[in-house]
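Read through the structure below, which is laid out as structure tokens, and then see the notes.
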């Protein structure tokens with residue numbers, strides 16, 4: 001009896017261990033740096049909850065808790081809908097080790113809350129959902145069509161410039177009046193929305209950090225492991241028809257939602273991960289149950305394990321950030337350094353080229369007023385008041401017109417550098433300095 | 001009887017449409033004439049008139065163009081066409097266009113053979129209006145010929161599996177082998193296809209082995225030169241040159257400043273992932289249905305490989321095929337699986353030309369998908385469905401044609417070497433001209449001057465012989481850059497130095513010689529400016545007084 005109880009709960013205990021470790025370990029420091037959104041949230045909560053809330057770990061705690069609970073909710077929901085304990089465990093297990101969900105559970109994210117709420121209500125209404133399984137795919141497809149048409153209509157006002165540009169090209173070959181038939185707002189808006197829709201249908205985005213055609217301006221994070229690919233393929237082919245239709249319809253619905261709201265980033269598109277893990281879970285479960293395919297099952301499990309360790313070793317060493325990461329890893333150190341170096345009542349002049357420095361200084365110094373601080377774009381040589389502590393920037397490849405530019409790649413003689421740090425995100429160096437004493 | 005007539009009419013209409021889309025105005029649309037097209041055309045002309053290629057090699061097995069080598073079949077078949085129609089853009093592109101038209105026929109036959117006539121018609125419809133196929137059928141692309149040979153070989157292979165006849169076996173293997181003489185991708189795919197197919201039907205073949213010995217021997221004989229070529233520089237240089245294995249770049253995911261260990265910078269894992277990502281990109285709906293080729297020369301404004309609305313039919317078709325596939329369906333899947341292999345071992349992302357083989361099975365599967373949906377509907381919905389499908393196709397084709405024939409001809413003019421025809425005509429009509437220097441550091445323009453100037457190969461062979469012995473033709477893959485045709489020179493112009501050379505005509509591409517450099521200078525006379533369709537400078541021709 002004892003053994004059977006243990007074997008019943010052991011998978012859940014393992015799931016809990018993996019989930020809690022990957023969601024809560026070093027939560028305050030990994031990922032390094034806060035995003036503007038996280039810092040702003042902290043600052044807006046501080047007046048009500050007190051300054052203690054200005055701590056990265058507390059800003060991220062809600063996401064980590066909700067992300068963890070989502071995994072267990074998924075487990076119970078799939079179990080209830082499919083009445084297949086192994087499938088529900090496989091799906092929840094895959095979700096718990098998925099880089100996409102791990103990363104999004106470790107930053108402040110509204111989407112995590114939305115997902116949790118949806119799963120929660122899905123679980124509560126699971127009996128009703130079960131009875132609606134035939135109707136739901138049609139409902140979601142119809143809704144998707146409506147959303148897509150709405151997206152086209154909404155974008156009408158945004159595409160004028162593109163239409164004009166296209167007409168200017170076409171006019172080199174056909175009369176201007178004729179161009180209207182081909183290049184117009186309806187066609188362009190349709191095309192724009194189709195582009196947005198298809199952007200989320202790129203395998204590279206989900207399995208290869210965007211490679212080989214990375215998107216400009218979008219954070220391309222590690223989302224799903226390569227070993228998910230065969231699991232998803234097997235899952236799709238082996239899924240029961242009604243479940244395949246439902247998941248397909250929900251997938252299309254989510255894509256049209258992303259299209260409508262022009263969402264492109266990994267946070268906003270996170271709901272898609274649930275479709276992937278359920279299908280992959282189905283694939284894993286199929287291999288698990290089929291005795292003939294045990295070799296494939298174990299090979300995939302080993303690969304999955306390797307990729308999981310590989311991802312975690314990189315992620316928890318802070319090596320997985322992408323070029324377009326919204327997090328600003330440099331601020332915590334700069335703010336700390338300024339706090340140390342600043343003399344009593346000394347003025348601090350922070351260059352706005354650091355990108356929204358005020359909010360980050362307020363957050364890390366736990367001080368909304370920042371008395372004596374001034375934030376603006378400045379040229380140190382034009383500043384009247386030289387008795388100040390300067391926080392300034394110099395791009396990695398500076399032009400000679402830059403304030404801190406020197407021919408020999410050093411530092412201007414009249415200034416005393418006190419501290420420097422590389423800001424990889426903006427490809428610039430940040431300096432803290434004072435005027436040299438004569 | 002009436003039903004048969006109706007479907008036949010549809011087939012004729014679709015063929016007619018396909019032929020018009022591939023042949024109409026072939027010589028002047030695309031408006032430019034790309035250097036690779038010129039190389040194919042001129043070599044065909046050279047073979048026809050002298051029996052030698054542009055470098056003077058007699059009936060070579062592989063042709064050399066710039067730093068690359070290309071396979072010979074397109075040139076040898078085009079030679080009589082050039083002989084008959086004369087050297088022109090039309091005659092150079094004609095074989096690719098005819099190949100495209102032949103593909104329409106074979107795609108219909110494949111659909112009909114594996115499933116039924118209606119699937120054949122839907123597959124034909126998809127191919128007839130497909131952006132990728134129209135695009136590659138309207139340019140001199142040897143890959144398109146290879147694709148048609150592979151497709152027809154596939155059809156006869158299906159026939160052979162059905163009738164086990166010696167004739168079908170021979171025709172099929174002959175066509176497959178010829179495809180390997182047409183384009184590099186087929187050299188990798190055909191042997192792999194043969195291996196995988198043999199693993200599927202090996203037992204059946206063994207039963208009729210006696211029938212196959214003689215045709216198989218003939219094919220082996222036919223392939224001997226190709227095997228010989230595989231061990232020569234000209235035979236492998238191209239494949240090695242573009243492969244990502246030969247690049248020094250670190251794989252994606254490589255972290256600079258860190259050593260290699262089991263988890264960080266594991267080269268085997270990262271390279272494997274890179275290869276897989278390149279391979280998967282050829283099945284990515286985003287690339288196939290929306291974004292298209294990464295290179296402007298091989299892409300059409302606002303269009304990709306297939307029209308966006310066909311994705312649902314691909315899913316429907318694929319879902320049906322993978323459910324307990326019968327042997328011909330398995331072969332379609334093998335074809336689809338192998339199609340992107342040659343392209344994915346190159347470092348370029350989503351290269352549609354190198355992966356042409358992928359799009360034919362996709363076309364067939366989409367055709368099947370359209371039929372599967374059609375079959376499931378009742379008679380009233382069938383009509384509505386067909387009307388909707390027709391509307392979708394007509395609208396997409398309408399906008400495709402605008403984007404292809406109007407927009408792309410303006411935006412892609414430079415990518416298609418637009419302006420050379422006018423330039424060569426202008427230079428050639430100048431009376432008593434002396435030395436002409438074309439500012440062309442990579443000497444890519446020489447082939448356009450040979451082509452549009454219709455320079456007689458024997459005259460040119462005397463000149464090219466000065467570059468050195470032809471021994472290096474198969475042995476040494478280093479670049480050969482012809483830089484002289486009579487009084488024409490192709491090299492970088494040292495403008496400050498050469499602006500004083502009296503009587504010399506200088507040609508600059510694009511806007512490399514700004515007006516400020518010669519305006520007001522009495523010693524420099526602007527002879528002519530050749531413009532791109534958008535009004536920007538394609539060539540500036542000046543003469544030093």
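From the backbone N, Cα and C atoms, a Cβ is placed for every residue, glycine too.
According to TrEMBL:
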type	residues	note
TRANSMEM	A:57-78	transmembrane segment
TRANSMEM	A:85-102	transmembrane segment
TRANSMEM	A:108-126	transmembrane segment
TRANSMEM	A:135-154	transmembrane segment
TRANSMEM	A:222-239	transmembrane segment
TRANSMEM	A:246-263	transmembrane segment
TRANSMEM	A:269-288	transmembrane segment
TRANSMEM	A:295-316	transmembrane segment
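Between the transmembrane segment (A:135-154) and the listed ranges A:57-78, A:85-102, A:108-126, A:222-239, A:246-263, the one holding the most Cβ pairs under 8 Å is A:246-263. Residues 74, 78, 84, 86-88, 90-95, 98, 100-101, 104, 109, 111-112, 114-115, 118, 200, 206, 223-224, 228, 230-236, 238-239, 243, 247, 250-251, 254-255, 258, 263, 294, 296-297, 300 of the same chain lie 6+ residues outside the transmembrane segment (A:269-288) yet bring a C-beta within less than 8 angstroms of a C-beta in it.
Here the transmembrane segment (A:246-263) has Cβ contacts under 8 Å with residues 133, 136-141, 143-144, 147-148, 150-151, 154, 193, 196-197, 200-201, 239, 269, 271-272, 275, 278-279 of the same chain, all six or more residues outside its ends. Same-chain residues lying 6 or more positions outside the transmembrane segment (A:222-239) and placing a CB less than 8 Å from one of its CB atoms are 94, 97-100, 103, 203, 205-209, 247, 266, 273, 276, 278-284, 286-287, 296, 300, 303-304, 307-308, 311, 315, 320.
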